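Enquirer: Mind having a look at this structure? Questions to follow.
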Amino acid sequence: MGLVGVQENGNREMDVSLGGKNKYKRMDSEFTEDLDDSHHQDRSSSARKYVLACAIFASLNSVLLGYDVGVMSGAIIFIQEDLNITEVQEEVLVGCLSIVSLFGSLAGGRTSDAIGRKWTMGLAAVVFQSGAAIMTLAHSFQILMIGRFLAGIGIGFGVMIAPVYIAEISPTVARGSLTSFPEIFINLGILLGYVSNYAFSNLPVNTGWRVMLAVGILPSVFIAVALFIIPESPRWLVMQDRVEEARLVLLKTNENEREVEERLEEIQKAAGNTNGDKYEEKAVWRELLSPSPALRRMLVTGFGIQCFQQITGIDATVYYSPEIFKGAGIQDETKLLAATVAVGVSKTVFILVAIFLIDKLGRKPLLYLSTIGMTICLFSLGVTLTFIGEGQVGIALSILFICANVGFFSVGIGPICWVVTTEIFPLRLRAQAGALGAVGNRVCSGLVAMSFLSVARAISMGGTFFIFSAISALSVVFVHTLVPETKGKSLEQIEQMFQNEDQWQGGEVELGDVEHLVEKE
């Protein structure tokens, strides 16, 4: 009996044992899956942090441009007094940086293809630092111009290469926000320039502006350190047939190996290197000058949005904000510089808003909000300066509309201009086409900066802003008709989109989406 019972129990126990074994197998499987999930999350977090660090370090050159723009708006007041320069010389000194930087941008495309994206950023910092040092020690207008020339070349290199590098190293899902980083750092630099003006405004005239300019050399130290931390662009490495090195970089910047292999294959196809062959021998510049229909569409979009970013007068607002506030009725120099700090804060805060929204809502809704908002603010500023004039009300409204204008700029066309330009061009042309767009941007910036005071003198300050308002209204039409939505697409998919004229014109977002954006905010 007992034996039989044991046998029965044994059978039962065997059943339980088998059931237990299956249970343990399931637990083991779940434990393994948990480990895999944990490993994937760790790798995902590591990849995000690594790409973020690369984007931050690559954007440091943009601080140099922003600081120069911000600090010169205040330093020029003291330079004019110390070196007795004329108003025309003031316009040339302020505006020539943008014109000169186009040479850096043009050379930057070819240089970055030759020595790599990373070391082009290093070269930009060295050239700018040399120019800043010469300006700091200058004792005449001529020496100042030599330093300005070198600083402009360095800025031209930096402003062109940083967005290209970040776009090429970023995963698709975060490319928009990461490619906006250079614009964030430009705004941060502008704010630091304004703060520097205010902080050193009480120093002796001969010393104050030199200290203001000298502080701009400091970011170059961090750039030197960054060069030994960030990797080379994987797309540039593929163009050099250094595929294994490109794979190692992608493994650091992407979350899983399958995605790495897919992206690597896409890049090789885009570069024309799938079978180890070099892309077609046709010279890049010859292709840009006699473009195919698809490339022509890309050039219209890329070059157009770069020009509209500047001809709406943003650099005039930033460079000459003390002059504008003076026209509104502020006379004390310290108060003028304090008011410009408010402009810098507004510009910096709203660029952070753009970073959070650009990959969630897309490029076009933010561009609509930006260009429409700027049009209203510029028109309102023209009305204020023309019909209200000097006085407490005029001063308050002028500060409000200028801060709102730079805010709308920063939330849309400011950063998205660079995002779109780096996204739309094919790999083999990206650096040179990006350089061409940067040239358009810098030329328009220079023309505005070098003519603003003369035009304002001829037709009044308010009349100048009416012109900017009309141009801004045209930019709304341009965005609606010729800028497609690129959110969520790989760089290679965007290239294919321009092959189709219907996809290029009209895009995927209409003006109604702005209502959704306003509700979201």
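Positions of Cβ are set from backbone N, Cα and C atoms, glycine also.
Remember, predicted model here, so these are calculated numbers, not experimental data.
The following feature annotations were taken from TrEMBL:
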| type | residues | note |
| --- | --- | --- |
| TRANSMEM | 50-80 | transmembrane segment |
| DOMAIN | 54-487 | domain 'Major facilitator superfamily (MFS) profile' |
| TRANSMEM | 92-109 | transmembrane segment |
| TRANSMEM | 121-139 | transmembrane segment |
| TRANSMEM | 145-166 | transmembrane segment |
| TRANSMEM | 178-199 | transmembrane segment |
| TRANSMEM | 211-230 | transmembrane segment |
| TRANSMEM | 336-358 | transmembrane segment |
| TRANSMEM | 365-389 | transmembrane segment |
| TRANSMEM | 395-421 | transmembrane segment |
| TRANSMEM | 433-453 | transmembrane segment |
| TRANSMEM | 459-483 | transmembrane segment |
Enquirer: Among 92-109, 145-166, 459-483, which stretch has the most Cβ pairs under 8 Å to the transmembrane segment (433-453)?
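Expert: Top-ranked stretch among 92-109, 145-166, 459-483: 92-109.
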Enquirer: What parts of the chain pack near the transmembrane segment (92-109), using Cβ distances under 8 Å and only residues at least 6 beyond its ends?
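Expert: Distant Cβ neighbours of the transmembrane segment (92-109) are 68, 72, 76, 79, 85, 120, 124, 127, 141, 144-145, 148-149, 151-161, 315, 319-320, 431-436, 438-439, 442-443, 445-451.
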Enquirer: Answer with yes or no whether the transmembrane segment (121-139) touches the transmembrane segment (211-230) by the criterion of at least three Cβ pairs under 8 A, sequence separation 6 or more.
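Expert: When sequence-distant Cβ pairs are counted, the transmembrane segment (121-139) touches the transmembrane segment (211-230), since at least 3 lie under 8 Å.
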